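For reference, the structure is listed below as structure tokens.
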Amino acid sequence: MTDRQTDTAPSPSYHLLPGRRRTVDAAASRGQGPEPAPGGGVEGVGARGVALKLFVQLLGCSRFGGAVVRAGEAEPSGAARSASSGREEPQPEEGEEEEEKEEERGPQWRLGARKPGSWTGEAAVCADSAPAARAPQALARASGRGGRVARRGAEESGPPHSPSRRGSASRAGPGRASETMNFLLSWVHWSLALLLYLHHAKWSQAAPMAEGGGQNHHEVVKFMDVYQRSYCHPIETLVDIFQEYPDEIEYIFKPSCVPLMRCGGCCNDEGLECVPTEESNITMQIMRIKPHQGQHIGEMSFLQHNKCECRPKKDRARQEKKSVRGKGKGQKRKRKKSRYKSWSVPCGPCSERRKHLFVQDPQTCKCSCKNTDSRCKARQLELNERTCRCDKPRR
């Protein structure tokens with residue numbers, strides 16, 4: 001009697017451990033329920049070892065939301081789960097049909113689940129996360145209530161399912177998972193290869209550009225480019241504002257020069273000069289500063305050259321004579337007056353290029369600068385008395 005009780009003693013995980021299920025089924029076929037082990041429930045060294053082994057299996061599959069079942073065995077039915085948890089739940093016939101359909105489909109493996117042949121030596125079949133979450137609770141309840149509840153659950157569970165389908169399904173699960181992992185690894189491999197190819201192509205295109213940039217320092221400009229750039233055409237030139245407005249010497253302009261399009265370049269002939277053929281005015285905002293009084297921004301108009309041509313040079317001396325000479329009595333009177341003026345004022349010009357910077361006394365023929373030393377110092381410059389310009393201070 002003691003040996004039979006020991007062999008048929010139910011445990012809360014009898015549906016998870018091979019060898020225990022056969023004893024329970026044999027007792028059910030004889031019409032006898034398995035008697036509880038001495039001490040009631042899962043107690044003793046053997047039951048603790050079974051519980052520890054079950055906990056290790058559940059811990060291995062808990063990450064993936066499923067329970068652990070031995071390879072070749074069927075998943076526990078609803079009645080067996082109710083027996084392990086200490087609750088009686090009716091299982092309709094429709095539930096059995098659904099279980100058979102699930103067996104035909106095979107177990108659903110999650111990526112990263114343990115495969116057969118792992119360190120536990122068992123096949124992990126990850127099912128729904130709800131049974132796996134209830135497994136530790138069922139173990140505790142079954143250990144507390146004893147073998148009577150387990151016997152009742154064994155009688156209601158009925159004959160076990162055929163292990164052939166479950167075994168084949170458990171073998172099919174790892175194959176699908178391995179195919180999925182192989183596909184993902186191959187996809188990652190080809191993606192990395194494509195990135196390396198594109199990176200290499202990018203650097204190969206950048207290398208010739210870098211080499212070409214190094215050759216630009218020693219590049220020889222062609223003749224046609226030199227000729228077109230140097231020929232007579234409008235070019236942007238920085239023009240001093242005082243040169244355009246010589247009478248407004250009481251102001252300090254900011255900026256002191258403006259960019260204007262002016263004719264410039266070569267005509268390739270000494271008898272020709274680059275002159276504008278079309279002109280226009282442009283208005284700019286310039287800041288006018290009056291020392292010790294204030295400043296304001298005003299609009300000033302400047303002359304720009306739109307078109308330029310190379311034309312014969314004109315003799316300025318002859319042009320002046322032609323303008324002086326004329327026909328009629330009026331012109332003769334003007335010539336006489338100019339002669340008298342030249343006799344009465346024999347003073348020469350202070351400067352031929354910078355006449356607007358000097359002031360000449362007609363009686364003494366003394367030249368003085370329009371700019372003053374204080375005005376130049378206000379601009380942090382020094383007055384050059386020879387040129388009457390504000391130059392940078394010498395160091």
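Including glycine, each Cβ sits where the backbone N, Cα and C put it.
Candidates considered were CYS232, CYS257, CYS308; Swiss-Prot assigns the disulfide partner of CYS263 as CYS308. Only CYS232, CYS274, from the recorded positions CYS232, CYS274, ASN281, place their Cα within 10 Å of the Cα belonging to CYS267 (disulfide bond).
In the shown protein chains, 22 other C-beta atoms lie within 10 A of the C-beta of CYS308 (disulfide bond).
Across the structure, ASN281 (N-linked glycosylation site) and CYS308 (disulfide bond) are spaced 16 Å apart at their Cα atoms. Taking the C-alpha positions, the distance from CYS274 (disulfide bond) to CYS310 (disulfide bond) comes to 5 Å.
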